[in-house]
Structures are given as C-alpha cells and as structure tokens.
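What TrEMBL records for 1-23 is region 'Disordered'. The compositional bias 'Low complexity' annotation in TrEMBL covers 7-21. The feature domain 'Nucleoside phosphorylase' is assigned by TrEMBL to 54-306. As annotated by TrEMBL, phosphate binding site applies to SER61, HIS92, ARG112, PHE113, HIS114, ALA145, SER247. Annotation source TrEMBL lists purine D-ribonucleoside binding site at GLU228, ASN270.
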Amino acid sequence: MSNTALTNGHTNGINGTTQNGVHDKVDFDPRSYDDLIMLTESVRRQVDLKEVPTIGIICGSGLGKIGDCIKDAQILPFKQIPGFPTTHVIGHKGNLIFGYLGGKFVVCLQGRFHPYEHGMDLALCATPVRLMHQLGVKNLIVSNAAGGVNPKFNYGDLMLIKDHIFMPGLCGFSPLVGVNDPRFGPRFVSIHDAYDRQLRQLAQNVAKDLKIVLHEGTYVMSGGPQYETPAEVVFFKTVGADALGMSTCHEVTVARQCGIRVFGFSLITNIANTDADNSVEVTHEEVLEAAREAGDHACTFVTEIISRV
Ligand SMILES: O=P(O)(O)O[C@H]1O[C@H](CO)[C@@H](O)[C@H]1O
Ligand SMILES: Nc1nc2[nH]cnc2c(=O)[nH]1
C-alpha cells in the first residue's frame, strides 16, 4: 500500500463534534485512564494495525523527514484524534503515522506538543506516549532540535542523550503531578536510567558504521518559548548541560513511568551564545534550516537503529 491519509471517522479534537460514531467524548482529561482508553480505541478504529507497533518515534522540530521515510504509511492527522490538541509550531506537521521503518512496524509522531503551547499542561503534552504504550510500544526513539552548549559541538552534529535536566519538572511542572491512577504506572518513578544503556551502545555502533559524528551528553529542557540569555546559557553549562531545548523530558518521564525503554538524540541546530557583549540571535527559521539539512542523515540513522533493535 502506498502512503495513505486517513479521513474516515473524523473528529475535530477535544471540543469538536464527531462523525461516523468514532468518538462522542467532548472533554478529554489527560489524567483520566478511561479517557486514554477511549482515545486509544478511536485510533485503533481508524487505522489498520497490521502488527503491534513495538517501536515509537517522536520527530523533533524540522525532523518530520523521519516520518516521511516510513513505508506503507497510514497517516492519521492529529485533528482526527479525540483528545489530541493541535500543534502550532512550524516544523511539526501534526500526524500520527503507522508503517514500516527499518523492517519493523512503527508508530511515529510527526510533530509533538510543547508545554509552552499548552499552558504547561505536561500531562496533556505527554499523552501521545501513553497512547503509544497502549498500542504496544516497548522502545521509544525521541528526537529534538537543540542549541549546542558543549564547545566541542558543531552546527549539524548529533548528540545522543545520556541524561537530562528537566527544569520544568524540577519546578513542579511534571506530567506526573496530580492524582495518579496506578494504571498509568507507579506514583514515584525512578528516572536514574532514563536513557537505556543498551540502546545507547547500539546507537554508537550504528554511528561508527555509518561514519556519523555522534556526541554523547546531557540535554536540558527549559520552559521556553523564549531562547536563553547568555547568562542562562552559562548557568546551564555550569550545571552540566551539553544541549538546550524545550521538549522531550516530559515525554521521557511518562515513558519511564510506563516501562518503555528510551533512546534520545538531539540535532545541534545552533550554538548557544555565552557572551552578552556578542549578540548572536537564534531564530526558529535557523533551527528549521539546520534540521532540513540534516533530515536524510537523521532518517538513515534512525532507520538503522530500528533495524538492529
Ligand atoms: O524540541 P523540538 O520539538 O525539536 O523543538 C525545538 O525547537 C523549538 C525552538 O526553535 C523549540 O520548540 C525547541 O524545543
Ligand atoms: N531552549 C532552546 N531550544 C532550542 N531549540 C533549538 N535551539 C535551541 C536553543 O538554543 N535553546
């Protein structure tokens, strides 16, 4: 089957009307397990699940090319998924894609929800990970565009995420706050091994074979949407950051709560400036341009990792 955009069972989202009897829930509560099950059932009804998708992918800003590489793709726009908000960030297409990559049946989020877009409702923004878990995902590949802090990093490099500093999470904005339904996973989640060691080793082997420069480092998620001041970049550098972004950590936290193994990588789209006397502007256009240039590269890397998982 060639790539197919699915238009049956249309719904307009959280507050939308539904057609074809697909979903009659008007309000979606991201902390309700029952709502998650309804969301999952709606997706199952709209897609022909040929196999259980055991691998999930989340595409970062401008990295939607990874989703475009999927074969026999069934494309479900976010607006057809009840409970999913819309994504407003340019470079995030807003599709849930099912199909084959690296010889495996995968589910891919071509676009993500950033907390700054949705009133810092991190549970809502991480709902796609809970959906993936319900669908059978065991391994999650998360990607993002990030500013490089480590002086060894260059524009266009890839960084494997070894660990993270989840700034909103440290300030009480965690997707796990609020009443916890134990069906989502434990109340207290150990996050010491968030980025799976075996998958990191596998990725290093892939990078070596493909002759790709792959750094390893710590990703910091700030709340955004503003980029960092030079003083903030120095602060993050001092506490151990190698790359800066505004996503990923909430998704990884939820993935770990439900027992999904995680592999994450950042594409270094700009070099973060530490000197207030040397004004260097960062723009989202620049971020997207870097991601566009690295699209094929990232796609080959992810495809090869998946084929070896
Ligand atoms: O993390 P992703 O989705 O790649 O997006 C990154 O790019 C945007 C800024 O240019 C921010 O949203 C930042 O988080
Ligand atoms: N916070 C943050 N996010 C980014 N996403 C891409 N580049 C950057 C950056 O420099 N800072």
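A Cβ is built for glycine as well, from the same backbone N, Cα and C atoms used for every other residue.
All TrEMBL annotations are machine predictions without curation.
On the backbone, the CA of PHE113 (phosphate binding site) and the CA of GLU228 (purine D-ribonucleoside binding site) stand 20 Å apart.
Overall, the recorded phosphate-binding residues SER61, HIS92, ARG112, PHE113, HIS114, ALA145, SER247 cover a maximum inter-Cα distance of 14 Å.
Within 10 Å of the Cβ of ALA145 (phosphate binding site) there are 25 other Cβ atoms, across all protein chains. With a CB cut-off of under 6 A applied against ligand 2, the binding-site residues HIS114, ALA145, SER247, ASN270 are reduced to ALA145, ASN270. When the alpha carbons of HIS92 (phosphate binding site) and ASN270 (purine D-ribonucleoside binding site) are compared, the span between them is 18 angstrom. Summed and averaged per residue, pLDDT over the domain 'Nucleoside phosphorylase' (54-306) gives 96.
Note: the Cα of SER247 (phosphate binding site) and the Cα of GLU228 (purine D-ribonucleoside binding site) are spaced 14 Å from each other.
Apart from SER61, HIS92, ARG112, PHE113, HIS114, ALA145, SER247, the phosphate site neighbourhood in this chain, defined by C-beta within 8 angstroms of the site C-beta centre, holds GLY60, THR87, VAL89, GLY91, GLY111, ASN144, MET246. By the rule that a residue counts when its Cβ sits under 6 Å from some atom of ligand 1, the binding-site residues SER61, PHE113, GLU228, ASN270 yield SER61. If you check the binding-site residues SER61, ARG112, HIS114, ALA145 against ASN270 (purine D-ribonucleoside binding site), the ones with a Cα inside 10 Å of its Cα are ALA145. The two recorded residues, ALA145 (phosphate binding site) and GLU228 (purine D-ribonucleoside binding site), have Cα atoms 15 Å apart. The binding-site residues in question are SER61, ASN270, and the one with the fewest Cβ neighbours inside 10 Å is ASN270. Remark: GLU228 (purine D-ribonucleoside binding site) has GLY147, SER222, PHE236, LEU244, ALA272 as non-local neighbours, by Cβ distance under 8 Å and separation of at least 6 in sequence. Proximity of ARG112 (phosphate binding site) to non-local residues of its own chain (separation of 6 or more, Cβ distance below 8 Å) is seen for ILE58, CYS59, GLY60, THR87, HIS92, CYS125, PRO128, SER247, GLU251, given in sequence order. Other Cβ atoms within 10 Å of the Cβ of PHE113 (phosphate binding site), summed over all protein chains shown, number 27.
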